[in-house]
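Below you'll find the structure, written out as structure tokens, and then a few comments.
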Amino acid sequence: YRCRYCPYFSNRAPNLKMHERTHVGKPFCCRYCHRAFAERSSLENHERIHIGEKPHKCQVCQKSFWGKSHLVEHLRIHTGERPYECGVCGSAFTQKATLRKHERTHTGERPHTCETCGRSFSERCILSVHQKRHHT
């Protein structure tokens, strides 16, 4: 089964169907892994991962990053800045995604659901571990 939008192919129709959903509103496709993006600049940043290009360098410790946003997040290690604060308990975080993950400890939200058995998890990585242990 071959994707209508990029070179991706699969020997299973459900895998192809799931893959093709990534293209809705995302016309720019990575030539290495076929991940789709809504903006060309996002694709260009992503492709740097595959070729190892890291043009954004920290002036404090010389560590390099492929995306400017990753450098900005990294700089908070040096400055101690924690701009994302939990409205419930006041804990502060360097990354917005970390705050969102933390907030789930208060809300009990479990947005990542196993398509095989229907069990839900608070984090995508926990879902991945579950799927490897129980469904492979």
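Positions of Cβ are set from backbone N, Cα and C atoms, glycine also.
For 1-28, 28-55, 56-83, 84-111, 112-136, the entry in TrEMBL reads domain 'C2H2-type'.
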Which residue counts does DSSP give the domain 'C2H2-type' (28-55) for helix, strand and coil? 12 helix, 4 strand, 12 coil
Summed over the domain 'C2H2-type' (56-83), the DSSP helix, strand and coil counts are 12 helix, 4 strand, 12 coil
